[in-house]
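So that you can see what the record holds, here are the features copied from Swiss-Prot:
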- 6-26: transmembrane segment (TRANSMEM)
- 29-49: transmembrane segment (TRANSMEM)
- 130, 134, 201: Zn(2+) binding site (BINDING)
- 131: active site (ACT_SITE)
- 145-165: transmembrane segment (TRANSMEM)
- 176-196: transmembrane segment (TRANSMEM)
């Protein structure tokens, strides 16, 4: 099912890019945009995880670099029946974590330095199990491509605003329609991305609790992580932020923002679901 969603996302990205190209350059713009989208789709499949790691400033570590973390990931991935993922650490004070990669054989589990200081061993195990659940559920490619897609469409729209569109004399999309498309395109991409992220987090919480055997430890971790994210800002692209276990941009979020524009489901709802599992 996730493979179908990945195909739909890539097709949607292609359609958005071609539509923007048509708005900016007519038929020639559409052709160039089609070629560009083909390159973007190939990059998203093969290289999006590297881009996400760079966005967080993360570095891959070995068992010699971080023995306790490496052993924890190894033990939990065996319990989940997964191959050993690459382990990475992001030099961020905010406590957070995420998983990325195109499949279980090419996956990465990344934690921040802040999370290793903020959580107990049981709580950190709960978080690692949550990220391994994303890998087990094959969420990473879908979420990583959604993140990259939203960022790519937003960047293309910014480029279009800087360099301008077509004149009234040219054939094709009217300038007003083109401007509307440039505004709506990134919003649509972000809403799709947010919806995917929220949907997959609940399932990863449940599967992660099953892997670790400690749903309450994950619930406690989520409360600590949300508190930390609100107190400690993190500089990361909004598109990559959806991959994290809690919203790393919570410190910048506007109060009263509607649920459908939130990158993550409400932590209180996630905690309640985990408490129900433990009951």
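Including glycine, each Cβ sits where the backbone N, Cα and C put it.
What Swiss-Prot annotates, mapped onto the structure for a quick look.
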residue : record              : contacts (Cβ under 8 Å, 6+ apart)
130     : Zn(2+) binding site : 97, 204, 205, 208, 218, 245
131     : active site         : 97, 98, 99, 109, 204, 208, 245
134     : Zn(2+) binding site : 99, 140, 143, 200, 204
201     : Zn(2+) binding site : 245, 264, 265, 270
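DSSP gives residue 134 (Zn(2+) binding site) a helix state.
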